[in-house]
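Take a look at the following structure, please.
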Amino acid sequence: MEDFVRQCFNPMIVELAEKTMKEYGEDLKIETNKFAAICTHLEVCFMYSDFHFINEQGESIIVELGDPNALLKHRFEIIEGRDRTMAWTVVNSICNTTGAEKPKFLPDLYDYKENRFIEIGVTRREVHIYYLEKANKIKSEKTHIHIFSFTGEEMATKADYTLDEESRARIKTRLFTIRQEMASRGLWDSFVSPREEKRQLKKGLKSQEQCASLPTKVSRRTSPALKILEPMWMDSNRTATLRASCLKCPKK
């Protein structure tokens, strides 16, 4: 699974996922399914905000990469992918600027057009079940919830899907592609089944114990994408870099 993730996701997304797991004390070498899930969620959040801007009239417009209208305001603020301290700093800044109610839990995005925080969900299960779990956890009508599945289904608060149909179709197509690529490599069943995931986790722990005494080689390589991203992370105009087109899965 780890090899699949590194082949099928943008290096920037992979490194952000690595940092997230490290922050929470999780080992991506063992919890490979979680590694894949985090990368998938990050990519969906980035795709959700791709190309969406607000013009001078306050209207939401779609601008493709390379368009000269660089001074347009980005419609979405990406919160997901930041370390917790920085993420809460961004949330507090948004609340102070817009008057939005501070959420109890860290959301994934902020929509400047609709003036609301957004929680993005990507599920391997039924969308309505995952939606209810999210709603019960958040317990706030102020945070908008939007759930996507790997089967092309989606569910959103009050059936308000925020994005246009084409933008949502891009996300659904990407998720379906990830599912197909996992299935072709025999990875989908373990990814979708908690029982199989636990079995793989135990197997990984046992394997790690056996290999603990072996010499290891640590890679110090940093992807060019992340080198560009890091100094721009606090810049409100960093989106062109952040929204770098995601790598497609190579054929088996």
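Yeah, the Cβs are placed from backbone N, Cα and C, and that goes for glycine too.
I grabbed these lines from Swiss-Prot:
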SITE      Leu28  site 'Important for efficient shutoff activity'
SITE      Leu65  site 'Important for efficient shutoff activity'
ACT_SITE  Glu80  active site
ACT_SITE  Asp108  active site
SITE      Arg195  site 'Important for efficient shutoff activity and nuclear localization'
SITE      Lys198  site 'Important for efficient shutoff activity and nuclear localization'
SITE      Arg199  site 'Important for efficient shutoff activity and nuclear localization'
SITE      Lys202  site 'Important for efficient shutoff activity'
SITE      Lys203  site 'Important for efficient shutoff activity'
SITE      Lys206  site 'Important for efficient shutoff activity'
Measuring Cα to Cα, how many angstrom lie between Leu28 (site 'Important for efficient shutoff activity') and Asp108 (active site)?
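Here the two Cα atoms lie 22 Å apart.
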What does the structure give for the C-alpha distance between Asp108 (active site) and Glu80 (active site)? Integer Å is fine.
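Distance between the two Cα atoms comes out at 5 Å.
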For Leu28 (site 'Important for efficient shutoff activity'), which of the three DSSP-derived states applies: helix, strand, or coil?
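SS state of Leu28 (site 'Important for efficient shutoff activity') = coil.
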Within its own chain, what residues at least 6 apart in sequence put their Cβ under 8 Å from the Cβ of Glu80 (active site), listed in sequence order?
His41, Leu42, Cys45, Ala87, Leu106, Asp108, Leu109, Ile120
Look up Asp108 (active site) in the DSSP assignment and report helix, strand or coil.
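Once the DSSP labels are grouped into three classes, Asp108 (active site) ends up as coil.
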Taking DSSP as the reference, which of helix, strand or coil describes Glu80 (active site)?
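Looking at the DSSP assignment, Glu80 (active site) belongs to neither helix nor strand, so coil.
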